[in-house]
């Protein structure tokens with residue numbers, strides 16, 4: 001177990017959490033507050049903290065960018081259809097890594113080498129060139145060109161999905177990593193309003 | 001803004017968080033502790049708490065089941081290739097909703113009606129029958145039949161993916177929602193060990 005420092009730290013932190021678990025073991029499966037958040041995997045974001053969630057409150061779906069991918073839609077539909085959530089948030093954030101590359105750039109980098117690339121503040125380069133995989137060229141990486149625009153488009157995609165009922169409001173926000181504040185994107189929330 | 005109680009509560013909680021944001025606005029984009037966690041969207045799970053993460057530490061990817069979907073792989077590859085994470089965790093959990101249905105069951109439910117279904121402890125039924133969408137039949141819902149088995153398969157899928165370099169260890173765990181404890185799945189971690 002302890003070959004890895006990270007593995008040791010994570011299990012030690014978990015021991016401390018479990019030792020003071022209290023009544024949390026009695027929580028029910030469906031989210032008590034009946035909503036779901038779709039947001040980015042970014043390390044600086046803690047949705048439980050920035051949105052005030054206790055264990056048991058809400059579903060949290062996270063991927064690179066907080067995008068309304070097919071898999072995020074799968075999760076949101078399960079969240080409503082089987083577990084009863086009635087309101088959804090799409091929350092992207094400032095200084096997102098998804099704004100720093102394109103599907104073409106990561107396809108080229110991965111075809112050349114799989115190890116971590118270097119970013120000089122303007123462009124990416126591979127320190128090694130051991131030969132990567134062309135598999136990256138067959139993936140849509142869902143990068144972001146325009147931050148507010150990506151929130152609006154993701155809300156629109158969710159709103160117009162055939163498996164999403166019209167009575168679920170979808171709110172669009174941007175989290176500011178410099179201030180910790182959620183800033184509403186009014187055009188997104190408007191696009192996500194309840195429809196007949 | 002305040003038509004919705006949830007929207008009001010979330011923005012009020014965010015105001016309190018942002019008011020005491022401290023130095024977190026200076027955190028860098030790449031995860032400081034260099035790892036990523038793939039886990040379930042379940043409301044009872046707080047990965048930051050159960051694994052001891054502060055803001056800025058690690059990427060957190062979440063979907064229904066914590067499954068190694070195409071979109072989770074997209075996120076993990078970005079996490080390593082562009083943002084430098086070097087170790088990954090796959091963490092499913094006990095009492096997961098994904099064990100309570102099959103792709104066929106949710107396909108049938110959605111084809112009949114989109115609103116939330118009822119579960120009587122054994123089977124699902126629709127309270128309404130307004131006509132749903134057949135779109136659900138074209139989605140693989142990535143349900144779970146065997147909990148440890150799903151962790152092992154997800155780790156195997158990540159390990160064998162052409163865009164995942166062999167020097168990233170992938171650890172497999174189950175989070176126990178009754179105790180808060182992370183329990184390693186040794187066969188998963190073995191399947192996820194570094195390869196030449």
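Start at 1 and count along the chain as shown; that gives each residue its number.
Glycine is no exception: its Cβ is also placed from the backbone N, Cα and C atoms.
Annotated Zn(2+) binding site per TrEMBL: A:40, A:42, A:93, A:96, in sequence order. Non-local contacts of residue A:93 (Zn(2+) binding site) by the CB criterion (under 8 A, 6+ apart in sequence, same chain) comprise A:39, A:40, A:42, A:44, A:45, A:66, A:174, A:175, A:176, A:177.
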Message: Most Cβ neighbours within 10 Å: which of the binding-site residues A:40, A:96 is it?
response: A:40
- prompt: Setting A:40, A:42, A:93, A:96 aside, what same-chain residues sit with their Cβ within 8 Å of the center of the Cβ atoms that define the Zn(2+) site, listed in sequence order?
  reply: A:39, A:41, A:44, A:45, A:65, A:66, A:92, A:94, A:95, A:97, A:98, A:175, A:177
